[in-house]
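TrEMBL lists 29-50, 70-89, 101-118, 124-147, 159-183, 195-214, 314-344, 365-383, 403-423 with the feature transmembrane segment.
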Amino acid sequence: MEEPQQLLSRRAEIEKTALTGSQLPRGQFIFSFSLVTMLFFLWGLSYGLIDSLNAHVQTVFNLSIAQSTAFQAAYFGSYLVMAPWAGVFMRRFGFKKGIHVGLGLFSLGTIMFWPCAIFKSYPGFIVCTFVAASGLSWLEVAANTYITVLAPKPGSAPFLLSFAQAFNGLATVIGPLIASKAFYSVGVSLGGVQYTYLGVSMLGVLINLGFWVAPLPEVRQAVSVETEKRIQGSFWTQWHTTIGAFCQFLYVGAQVACAALSINYIISQPIPGHPEGISKATAANMYAGLQASFTLGRFLTAPLLKSCDPCLVLGIYGVMTCVFVAVSGTVGGIAGIVSLYFLFFFESVQYPTIYAIATSGLGSYAKIGGSFVAAGVSGGAWYPAALASFADRKDIAHAHTRAYLLAMFGFVAVSAYGFGMFIDQGKRRGHYTWRNLNDLGNLPARGELPAQATASGHWVTEAGQSSVEETDSKELKV
C-alpha cells in the first residue's frame, strides 16, 4: 500500500505533466474529444435500454409500476456509491486508467445479464444493473470532467459538453428501438435480453481495447492564477459546486422519473377512436421519439451555449420544463403526450450545463468536483419510485397523469440554480449581459472589485490589473 507522501507525489506528477486544452495541437484536441465522445454513446445506449427493460420485466414478472423502478434505484444508486471513488482514483492515476476501470465494470455487468435471463432471476437483474451502472458512473466522471477540462476557454465548456452529450442522446434513441424489436417481439420472454446485452458487453470490450492503444493525453483545467490560489483551501467552500451537485440530484431524479414512467404514461392515456389504447411496442417506439426530441434539443442548443450565457440558458430551459411537465400532469391525452416531446426537448442540455457550471473554476479540484456532481445522478434512484408509487394509487383519478406533477420540484431547482448563478456572475462582473463572455469560473471573488471580462475569458479588475496566466498564443478557437 502506498504511503501518503507517495500518493501526493503521484498526484503532483500527473498535474505537472498534464496540459490545458489550449496547449494541445489542434489535431490532438480533435482526436481526444472524438475518442472520449465514444463513451457518451455507450452509456446513452445502456440508459435507453434500461427504461425499456424496466417496462418489459414488469410484464414478465408481473410487477407493479413501483416494483419495476428497482432498476432505476440500482442503476442510479450506484452513482452515489461509486462516483466519489472514481474522482479520488483519477486524481491519483489519471483519466485513462479510470476509463479502463469503468469499461471493465460495465462489460462485466452487462455479460452477467445472460445467466440472469436464462434463470429468470429478478434479483439477478438488479445486481447486474448495479454492476454495469457502477462502470458507467466511472465513465461519466471521466468523460464529463475530461471534456469540461479540455475546453480551451472557461465559457466554452458548456458548449463542448452539450455537443458531446448529444451523441449520448443519439444512443438513447437507438436503445428503445432495439428494445422494441428484441424485447417485445418475443412476447413474455427474456431471450431477446440475453443477446442484446451480450452485444453491448462486447462493444464495451472493444472500446476498452481501443483506449489501451490510443494516445489519450492527460489534461488539466485552465484557470487564472488568482482563481487557483483562491481554491487552495477546503473543497467544500466551492459553493457553486456543492449547490450544483444538489441541483443535479433533483434534476436527474425528475428527468429519470419522467423517462421511466413515459411508456406507462403513454399506454394509460385515452386516445379518441382507439378504445384499445396504445400497445407497449408502439409506446416503446414513441419513447424513442421522445429521446429523439431530447437529442435534437442538444444539437440545436449547443451552438446557443457558445454565444449566450450558459447560466441564463439553463434558467430559461428550467422554466420551460416546468411549463410542459405541468401540461402533461394536468391535461393528459394527446395533448399530454405531445407536451412530453417538448418536455424532453428542454431537458436536453440541463444536465451538461449544470455539470459545466458546477465544475468551473476548480483547477486541481476538477476531478473531485466532477465526481461529486456526478454523484448527484443518484437522484434517479428514488424519484422514479416516488412518482410510480403515486401512479399506482387506485384512489386518485388519473393517477398516472397526475404523477408527473411531482417532477416539477426538480425543474424548479434547475431554474433557481441557473438564474442564481446568472445574478451572481453579473454582480461579480459588474454588469449583466446575455452574451457568453467566456469568463465562467474565472471571475473575481465576492467582495473584490467588479471585473471587466475580455473576449478570451480573462478578467481585469477596475484597478486595471490583469489576473490571468499567460496562455499559448495559438489558443484554440472553440
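Note that Cβ sites are derived from N, Cα and C of the backbone, with glycine treated the same way.
Within the chain carrying the transmembrane segment (159-183), a Cβ under 8 angstroms from the stretch's Cβ atoms is held by residues 33, 36-37, 40-49, 51-53, 56, 143-144, 147-148, 150-151, 192-193, 195-196, 281, 284-285, 287-288, 291-292, 294-295, 297-299, 301-303, 305-306, 310, 348-349, 351-353, 355-356, 478, all 6 or more beyond its ends. Stretch with the most C-beta contacts under 8 angstroms to the transmembrane segment (195-214), considering only 101-118, 314-344, 403-423: 101-118.
Tertiary proximity for the transmembrane segment (101-118) is limited to same-chain residues at least six positions away from its ends with a CB under 8 Å from its CB atoms, namely 42-43, 46, 86, 89, 124-125, 127-139, 142, 190-191, 193-194, 197-198, 200-202, 204-205, 207-208, 211.
Highlighted: of the candidate stretches 70-89, 124-147, 314-344, 124-147 has the greatest count of Cβ pairs under 8 Å to the transmembrane segment (29-50). Long-range neighbours of the transmembrane segment (70-89) within the same chain, counting only residues 6 or more positions beyond its ends whose Cβ lies under 8 Å from a Cβ of the stretch, are 50, 53-54, 57, 97-98, 101-102, 125-127, 129-131, 133-134, 136-138, 140-142, 145, 252, 256, 260, 367-372, 374-382, 384-385. Away from its own ends, the transmembrane segment (124-147) comes close to residues 32-33, 36-37, 39-40, 42-43, 46, 50, 53, 57, 70-71, 74-79, 81-83, 86-87, 89-90, 95, 98-99, 101-110, 112-113, 115-116, 157, 160-161, 164, 204, 219, 352, 355, 359, 366-367, 369-371, 373-374, 377 of its chain (Cβ-Cβ under 8 Å, at least six residues beyond either end).
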